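**Student:** According to TrEMBL:
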| type | residues | note |
| --- | --- | --- |
| DOMAIN | 4-162 | domain 'Thioredoxin' |
| ACT_SITE | Cys51 | active site, cysteine sulfenic acid (-SOH) intermediate |
Amino acid sequence: MAPIAVGDAIPDGILAYLDDENKPQTVSIHSLAAGKKVIIFGVPGAFTPTCSLKHVPGFIERAEELKGKGVDEVICISVNDPFVMNSWAKTFPENKHVKFLADGAAKYTNALGLELDLTEKGLGVRSRRFALLVEDLKVKVANVESGGEFTVSSAEEIIKAL
């Protein structure tokens, strides 16, 4: 499947998270994005170096600026289970705006056409690193990385596009 691109409508999909009582819950991506301006960014894995030290912190640090530019939601997706995503989110105590959502079986990542097969490295199927700016379910900006790069999917690059 071709990767999601500018002008495409994002597919609906179900992602998981833990509620305040640490119970697994699910949410539809369309329920979070319909009628809104949202950033959906994907990372290859929770607790991995580039994701933890650069990608996620950039969105957390710039969240207020993004909100000031009309962004309603900032959503981080990774091919991990909701328990891992919840534990990872707790390593960012300063976070007030980024939602951490799990795509445990990579179903949503596959629907976006953004899967990355890292089986040869012992990691299985993951997500390519990406950042999408979506307005009312339509992709306005699609910054998708090649391989393990981190050049176009940062918060700074999304801010330039707003």
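Cβ atoms are placed via backbone N, Cα and C, with glycine included.
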**Student:** Per-residue pLDDT averaged over the domain 'Thioredoxin' (4-162) comes to what?
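**Tutor:** Value for the domain 'Thioredoxin' (4-162), mean pLDDT as a whole number: 94.
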**Student:** Neighbour count, 10 Å Cβ-Cβ cut-off, for the residue listed as 'active site, cysteine sulfenic acid (-SOH) intermediate': what number do you get?
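**Tutor:** Result for the residue listed as 'active site, cysteine sulfenic acid (-SOH) intermediate': 22 neighbouring Cβ atoms inside 10 Å.
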